[in-house]
């Protein structure tokens with residue numbers, strides 16, 4: 001639906017589908033200097049940067065509807081079914097907390113304030129649609145050709161695109177960037193999973209409240225968090241550990257906070273069957289992995305959040321000779337983002353070993369474009385990428401987790417400074433701050449280089465960003481301690497970390 | 001910053017070191033530290049001096065300092081002297097007559113005598129010789145030593161640590177004073193804190209903890225939070241939360257909750273002092289003679305205490321206009337946070353951050369607020385940012401009366417109403433208004449004029465009342481130190497006072513050398529739209545680095561949370577100021593937006609680590625946050641825009 005807002009700009013490609021075939025190959029004159037497959041954050045950033053530097057650029061983007069039929073506009077996961085709607089719904093949940101805080105601060109709010117999912121969803125979706133439109137305009141402004149087609153490789157310089165109506169278009173280019181991202185994984189081995197379950201591709205676009213929901217891992221926690229915050233009954237079913245790859249002490253504090261705020265956790269459980277009851281509710285049967293006992297429960301919505309699969313299967317990468325990782329199916333890349341075929345590149349979530357985050361994809365895309373245009377030789381630095389999990393109590397981190405630091409440097413060479421703290425705003429609001437916690441992982445040897453920072457508390461993203469810069473500048477523990485605090489903030493607690501874990 | 005001027009009549013000994021003389025060193029042990037002059041081989045001489053330069057580099061200077069402190073700590077009587085100085089001779093004779101063995105360093109007989117003298121003056125704030133220490137306590141010069149001898153203090157000092165009741169007395173139980181006292185106590189010293197809150201003209205007083213806790217940062221941030229929650233309530237409807245009725249605010253509920261929290265903090269401070277065995281006396285302190293202070297309690301009972309060292313941390317109190325009726329009818333920030341009734345229609349006089357913060361949250365709570373400004377907003381802060389802070393407030397209902405000063409008396413009208421008559425600063429034109437409350441926030445005065453500083457000769461800036469100190473927070477009277485808001489030319493911020501207090505205690509009693517670093521201190525103004533900054537304002541940067549050497553990058557941004565809430569998209573703003581000729585090092589950081597304080601803190605840490613524009617470009621953002629604003633496409637050079 002959101003596709004029809006602007007007349008197609010790719011007329012040339014549609015009318016002369018074969019023009020590029022022979023002429024384009026090798027010479028690239030009748031094709032494009034750069035073809036980007038995938039209109040997400042990374043792909044668009046790369047395309048716009050290259051166009052600005054004078055290249056002839058095309059972007060092809062196509063959203064395969066989710067099994068539930070959800071589809072969306074230009075901008076990829078982040079804008080449509082990721083960061084943006086998630087943070088907005090998280091904000092809606094935070095506002096719910098604030099409504100509950102307000103009476104402590106003298107505001108005479110009615111005791112029970114209901115939440116209207118439909119109204120929120122509409123507001124969020126309207127914002128997302130305005131962003132879709134913005135991306136279209138930006139491409140047009142920069143003279144980037146946009147094709148709403150599903151692409152697959154014909155050979156190493158040519159891509160065939162198919163429109164919704166089955167019309168084919170051939171495009172050729174000197175350089176091709178694959179930035180197709182990933183989509184949520186369905187546990188197809190579970191009966192009823194595909195038929196009755198939804199994923200993060202759908203949740204933000206639901207017209208009606210999902211009701212009682214079990215989201216089945218980081219996306220899971222964020223979704224369960226805002227659903228609980230919006231007053232819904234949410235249960236999280238986890239097979240092993242939540243927030244795999246993150247610092248495990250932090251992740252257990254995250255779940256502890258959620259559990260104490262109404263999210264239910266079923267740990268060590270795995271669902272075996274989903275079915276619909278006559279009243280329309282969903283019945284989920286699961287197994288407790290430790291005891292082998294089966295259990296059953298009814299829910300309004302089942303949300304799968306068990307990981308993502310890269311969008312590489314329909315690309316026919318074999319036609320171009322692009323290699324993928326045998327297990328992850330992600331595209332293998334070198335430090336310059338090049339695949340096994342030197343003029344074909346992959347950035348973002350589809351590339352093997354890259355963080356699945358928007359800002360690194362954007363930066364990698366821009367840097368790649370600059371290298372392709374001979375503007376610079378700077379490679380993307382994937383170390384110390386800061387990130388934040390927008391769970392009800394936000395978790396921001398940059399650098400190494402404690403486990404990773406110990407693994408790399410040995411326990412005797414790592415010093416961990418930590419503190420529990422109470423945000424000033426929590427005091428009057430009589431909120432529980434038992435999980436507000438900070439730790440800084442440092443090398444033990446002076447000047448105690450900072451390896452990682454982990455912050456759990458309100459506005460964790462805002463707090464973490466500046467410290468990420470500090471770590472980029474090679475901050476030492478001593479330097480952070482010499483930084484004076486801003487009083488009264490939560491962030492100042494980072495500059496006051498004096499207690500080491502070693503000291504007990 | 002106050003490096004005290006050299007004494008008006010320096011003794012002869014101050015001249016540059018002459019050649020070594022035989023027989024001038026009466027102490028045999030000297031050789032262990034820096035030699036018996038005649039017998040010391042040239043190679044050993046070099047240990048204290050830095051060859052060639054004549055000026056010690058910072059490293060050898062630190063080493064020298066450590067060595068001198070070692071001498072002071074390691075000897076019962078340590079005299080820094082010059083062999084030809086008659087005053088030095090008198091002192092040596094005095095100790096000799098007392099039968100006390102002294103350790104003497106003749107500055108004219110060592111190569112680096114001049115450096116020693118410089119470092120000594122840093123440590124003691126005394127440039128002249130002789131410079132005498134007894135049992136680690138700095139006694140002073142010749143005259144002070146003889147005085148001490150006459151008063152019996154010298155005797156006590158020689159006997160050991162019992163010369164004074166306390167090792168340290170801190171005057172003022174605010175953030176800085178308490179931090180200093182506790183740190184000294186942790187280091188094993190006998191410490192006392194004197195704290196007494198003189199009630200405001202409206203009769204408001206409070207407990208232990210000083211301005212920040214009672215009438216500053218803490219209640220202010222909490223009232224700011226209350227106002228933000230009001231905004232959140234408005235936003236929440238756009239995010240699907242449903243309630244129809246107009247939400248009213250109850251001042252009493254808020255104030256009670258905040259005062260309860262403050263009460264718990266006061267109690268916490270008391271407890272913490274007790275745990276660390278710091279003596280806390282709720283009395284007003286006033287110097288009566290050297291090393292002696294008189295403490296007067298609420299009932300008027302007086303007790304005197306003596307101490308080897310003193311730290312003045314009395315802070316500041318709000319200034320009044322000095323017009324008829326001001327103390328009678330107006331309130332200040334001292335009164336606002338515990339005001340038992342809602343202030344109603346309020347006139348805020350002043351444009352300091354206190355004025356704007358108070359006006360901001362009062363308006364946010366739904367009150368009718370007017371700010372009367374004589375000249376500029378937020379003096380000392382970046383003026384572009386200050387204007388943006390003001391215009392956001394103006395758009396959100398705060399009225400500004402620019403360029404008016406209240407000149408006529410404030411008259412009491414019908415009950416609970418005040419009539420204010422003000423005159424324009426630009427020619428004729430008066431304005432008259434009726435308000436329920438007039439809040440004065442025109443500045444603060446140091447509490448330094450009524451604590452007997454003149455009795456012991458501690459200099460203050462007569463105009464400002466502030467105390468000049470050197471880079472180790474020492475006043476012109478060597479055993480008296482000062483920290484916090486009363487310092488001349490330093491920042492009036494809680495974390496600065498705390499840091500200065502802690503480091504001071506560690507230097508005085510812990511053998512540490514680290515000084516408080518007053519550079520690149522971050523701060524945040526909690527106006528409705530928060531303003532965080534670190535480093536130089538644009539004006540100051542131009543003054544320091546000149547305009548040609550600077551590159552300013554800036555952008556407007558629209559926080560994601562504001563989009564759905566339908567709030568302004570051209571309001572939040574960020575800029576950084578870089579020094580082009582120093583690798584584009586960031587010298588100033590400014591951000592106007594939600595959670596500015598939380599955002600600024602990490603950037604301040606990064607600036608401590610030498611943040612450059614390049615590093616800013618190379619660092620990946622966190623999506624979607626305000627902190628990632630530096631990644632915006634629109635983050636453009638300002639100077640180039642200016643030129644075009």
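Here the Cβ of each residue, glycine as well, is placed from N, Cα and C on the backbone.
TrEMBL annotations:
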ACT_SITE  A:487  active site, proton acceptor
BINDING   A:87, A:349  FAD binding site
BINDING   A:307  NAD(+) binding site
DISULFID  A:78-A:83  disulfide bond
DOMAIN    A:32-365  domain 'FAD/NAD(P)-binding'
DOMAIN    A:385-496  domain 'Pyridine nucleotide-disulphide oxidoreductase dimerisation'
Among A:78, A:87, A:307, A:349 (the recorded positions), residues with Cβ under 8 Å to chain B, listed in sequence order: A:78, A:87
Residue, out of the recorded positions A:78, A:83, A:87, A:307, A:349, whose Cβ gathers the largest set of other Cβ atoms within 10 Å: A:349
Distance, residue A:349 (FAD binding site) to residue A:307 (NAD(+) binding site) (CA atoms, angstrom): 12
The domain 'Pyridine nucleotide-disulphide oxidoreductase dimerisation' (A:385-496): DSSP-derived helix, strand, coil residue counts: 41 helix, 31 strand, 40 coil
Separation of alpha carbons, residue A:487 (active site, proton acceptor) and residue A:83 (disulfide bond) (Å): 30
Per-region confidence, the domain 'FAD/NAD(P)-binding' (A:32-365) (mean pLDDT, whole number): 94
Nearest-integer angstrom distance between the alpha carbons (Cα) of residue A:349 (FAD binding site) and the residue listed as 'active site, proton acceptor': 39
Residue A:487 (active site, proton acceptor), number of other Cβ atoms within 10 Å: 22
Inter-residue Cα distance where the pair is residue A:87 (FAD binding site) and residue A:487 (active site, proton acceptor), in Å: 27
C-alpha spacing of residue A:87 (FAD binding site) relative to residue A:78 (disulfide bond), in angstrom: 10
Assigned element (helix, strand, coil) containing residue A:349 (FAD binding site), judged by DSSP: helix
